[in-house]
Structure formats: C-alpha cells, structure tokens
Amino acid sequence: MLELHRINSRIFYIKYCLIAFTVLFALTGLSLVIIGTTINEVFVEFSYFLENEYFAPAVFLYSVGLVVFAISIIGVVGALKENSCIITSYGILLGIVFILQIAIGMSANILMQGTISAELKERLSLIMTRYKMVPDYRVHADALQQAISCCGIYNPNDWMTLNDGSTPASCCAKLDAYGTCSSFYQRGCLEVLELIVNEVTNVLSASAFILAFMQLAGMCFALYLGRALRTQKLAKQYRRWTLSNQLLTESTVFGTEKNSFPELNK
C-alpha cells in the first residue's frame, strides 16, 4: 500500500512536469516554424544568386517545427489521460525529432561550408560580365548592390574589367551637390553575401541544436513517466490479486470453521 502511494505521488509530479515541458515544446515548435520561415525569406531575397539546395535546411526546420507542435498535442493528451502507451509513443517521436534536428544542424553547416563561396563567385561573375547584354541580370545585380550596399565581386574595381570600365549607378554610395556620384560602396558583394549566409547558417544550426537537446530532456521525461505508469498498473494489479486471494482464503477458512462447528449453521 505504501509502495503504491509512493508511485502515485511520483507519477503526479512527473505528469505535470511533462505537461509543462510539452507546452514548452509546442512553443519551440512554433519557434522553429518562425526561424525556418525567416531564414527562408532571407534566402528567397537572394535566390537568384543561390542554388535551391541551400534552401533545404530552412524548409526542413520549418517542417520539423510543425511536426513538433503536432507531437506536443499527443504528449499533453497522453499525460492528462495517464496513458503509458501514448506517452511512450510521444517519447519515441521526440527521439526521432531530436535525431532529425541534429541532422538539420549538421547538414546546414556542411552545406554552407562547402562550395558556396566558389558558387557565389561564379554566379556573380556571370551576371556582372553580361550586365549590359542581359536585362534580367542587370535588374538583379542592381537590386543586390542597393539592398546590401556592395559593389562588384570584391570591390568597385571589378567593374573595370567586367563591364567595359563603367560602374553602375547602383554602386553609388553618395551623390554630390550636382547629382553626380562622389563615392562608391567599397565592400564587394561576395563578402557581404558570404557574411549573410554564414550568419543565417549559424542561427539555423544553433536553433536546431539547442531545441533538439530540450526535446531530448522531454523524451527522457516521457519515457520515465511511461515506465512509472506501467509500474503503477502492475502494482495495482498485484494489489488486486493479493486482495482477491486474501478474500478467497478468508472465505475458505470461514467455510471450514462452519463445517467444524455445526452449531454455527443453526
């Protein structure tokens, strides 16, 4: 009886800790959705200069956020109902999400630290070389230089060789009193783009790793609660079996006593 009471008390505290953690996981799921969406919007802004593969980690992070939010609902239902099967399933699902988030964080680092610098340089060179010939290239090159305050691949001098010696108006950082450009942006677009991509990658990786370990803690809570509930169920079954046997034994003894003393039957 004392053991069962101790198990019930332990389950009570674990149950509400799990519910609190699950609500937190739901919020982390929403955070992942927001982070994934924000990062994807940054990449979309420069999508003309990036391959589609660089969008994958942000899209996966967004998807995992939705999955985490859905799984959190399962966790709350399982904890409120004290259903060991649902809670154990919830713990296993959190474990799978943990692995996925670690994979996303690692893939983002591997992908961004690979050939992105060479690919960006190649793309920028192509666009700037054909700046005058292809209107679409001209539009995107001007938009990029104005958006991130850069000029050329490495510096404004790149336009001397890439564009027949003329520097586009989009490189202008300051106009003089006569409306003539007095100075150009000195930072190259390759440097600024690499910086943006690296910062975004660091945010994505850090978010994936930090939230993944929070989910690992939740998985441990869920599996522990599932085990405690199974232990409680077995303890209740054992207690029920013990009481049943005790009543049966007492009934048998009482029947034997009645047979031994016939006057009790009168």
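Backbone N, Cα and C atoms are what each Cβ position is placed from, and that goes for glycine too.
Per TrEMBL, transmembrane segment is recorded for 12-39 (among others).
Non-local neighbours of the transmembrane segment (59-80) in the same chain are 15-16, 18-19, 22-23, 25-26, 28-37, 39-40, 86-87, 89-90, 93-94, 97, 100-101, 104, 107, 204, 207-208, 215, 218, 222, 225; each lies 6+ residues outside the stretch with a CB under 8 Å from one of its CB atoms. The transmembrane segment annotation in TrEMBL covers 59-80 (among others).
For the transmembrane segment (92-112), the residues of the chain that approach it from at least six positions outside its boundaries are 25, 53-54, 56-57, 60-61, 64, 67-68, 71, 74-75, 197-198, 201, 204-206, 208-209, 211-213, 215-216, 218-219, 222, judged by C-beta separation under 8 angstroms. Under the heading transmembrane segment, TrEMBL lists 92-112 (among others).
For the recorded site, C150 (disulfide bond), the DSSP three-state label reads coil. Residue environment of C150 (disulfide bond) contains 25 other Cβ atoms, counted within 10 Å of its Cβ in all protein chains. Taken from TrEMBL, the feature disulfide bond covers C150-C189 (among others).
Within its own chain, C151 (disulfide bond) has Q145, D158, W159, T167, C171, F184, Y185, Q186, R187, G188, C189 as residues 6 or more apart in sequence whose C-beta sits under 8 angstroms from its own. Residues annotated as disulfide bond in TrEMBL: C151-C171 (among others).
Tertiary neighbourhood of the transmembrane segment (203-226): same-chain residues 11, 14-15, 17-18, 21-22, 24-25, 28, 31-32, 35, 39, 57-58, 61, 68, 75, 78-79, 84-85, 87-88, 90-92, 94-95, 97-98, 101-102, 104-106, 108-109, selected by CB-CB distance under 8 Å and a gap of 6+ residues from either end. The transmembrane segment feature in TrEMBL is assigned to 203-226 (among others).
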Count of other CB atoms lying within 10 Å of the CB belonging to C189 (disulfide bond): 29
Neighbouring C-beta atoms (10 Å sphere around the C-beta of C171 (disulfide bond)): 23
